[in-house]
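This report refers to the structure that appears directly beneath it.
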């Protein structure tokens, strides 16, 4: 009798419990697995995981925020119709006959956000730091029925991705232990774990309504002076949408793509949709502004890069991040999270993206859990984004919108953004959530995350010199302290008062763009008595003080200046009296002091006497900020 392994080890060490009534299948078909294999499933006594109790499509939203089943062109999760154990012999026979390419057992485990189902892909393994470039080692691995995937391996840093040539006869979960034996040395082998449910942080529900309340609430558009008065985004800035792909032909998105992206399942093709979620996220960021069509994206003048998941595995997350970096994306929006992914596979890609000056925005997820933020939002190099409701509190089941879900929160949260009933783009026609090309009720931290990614893109549109660290600092320091919670100074959160439910607060687009507009990369006072300051400067406020003259370095030999640095030279008008000069210098002191570069105390300054110009300048020196 055919049996699956009852015990497999997950790299996290979390205990896996078999689900005998579930199975991961790769049916052979000319079309999508979910659409073309009803007869095969019927013959095996199985129904799709995404089906209702009668085998038909499951309801779009049952009010419990249940995520959709994870299905792709070459795989699907299935369960027995009667809840009995999967018939392994029947599946073995179907595999032998050619109607099933391979199958894998399904397990359940709790990775911190409640029970989740997952299964190892039978057709791939990942070797971590194995260094099998030597022809002899490669031959040993190849003899086991493994083939190195050069394209995927190139996007996994120093890890190697191998496909299994005959997963029906020798599935990956049977081969894993044999690899080290063949090489004659310990090798860290990882199976490619596939989530049974798509790990996106959303659920759509009702028909569209057109009021984009979210943009007014974060001061992007609407009456008065808002963020869009400063910029609607630059085409020189690209936001990667790492998700389920994007509707490339949507009339509200056409013309806004850097290029058509990639499918992470085939490592080719385009970033066309593999599900609905990515198109909704893309619209929040980059729906075209002023085209007379549909909705407005927060950063509608920026470019989008669609990157489409296939199986939602850790190797796809890592490959997607590296692809975004290689294509020159400055910002990545990641509206998903799953604690079962391997940190050893994904963290290096996050580090490389961070080192490349990319801003990464990641959803905290939607189970209403304290200390429940999911990975990779727990990585300190990313911005962990929670969701706020229409009255500026953390989105919870008691929010006045009637939506029975809540945003996860905890010590890693950075900021929150609107995440309930967000109008945005949808896949075209019957493929989408609503059939109307738009949805008015995109929900979750999935909806909140692209707001923050778009804000990062606007900041970089306004000031392209800013580092990813500085962009994050601006987003956090300018957030509004909304909600009924108390904010406080908390160790480990240096950018102002903070709260574990709201982070630094709800984002404020206008305030962030004003701050970005005022910043110069570095400044120096061209005066022998003044030390250079190593912090950013509010340029606009200095310009409003008449005695400050800002100009580019022009051949001067000044200590500690780098090419392109700006120089600030205090200019004193000799026609004015001493009192006026001192008042202006006091204003400079307040500005510079607010940046963490305090002037020396009055008792340490030279007396302001004698010649106005010389004495005033001598009294205006500052201590450098480290």
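Glycine is no exception: its Cβ is also placed from the backbone N, Cα and C atoms.
Look at TrEMBL and you will find 1-73 tagged as region 'Disordered'.
Residues or ranges marked as domain 'Peptidase S8/S53' by TrEMBL: 235-505.
The active site, charge relay system feature in TrEMBL is assigned to 243 (among others). Less than 8 angstroms from the CB of residue 243 (active site, charge relay system) sit 200, 277, 278, 281, 282, 306, 307, 308, 309, 333, 334, 335, 336, each of them six or more residues away in the same chain.
The annotation active site, charge relay system is assigned in TrEMBL to 277 (among others). Cβ neighbours within 10 Å of residue 277 (active site, charge relay system), excluding its own Cβ and spanning all shown chains: 30.
What TrEMBL lists as active site, charge relay system is 446 (among others).
Cβ neighbours within 10 Å of residue 446 (active site, charge relay system), excluding its own Cβ and spanning all shown chains: 31. In three-state terms derived from DSSP, residue 243 (active site, charge relay system) belongs to an extended strand segment.
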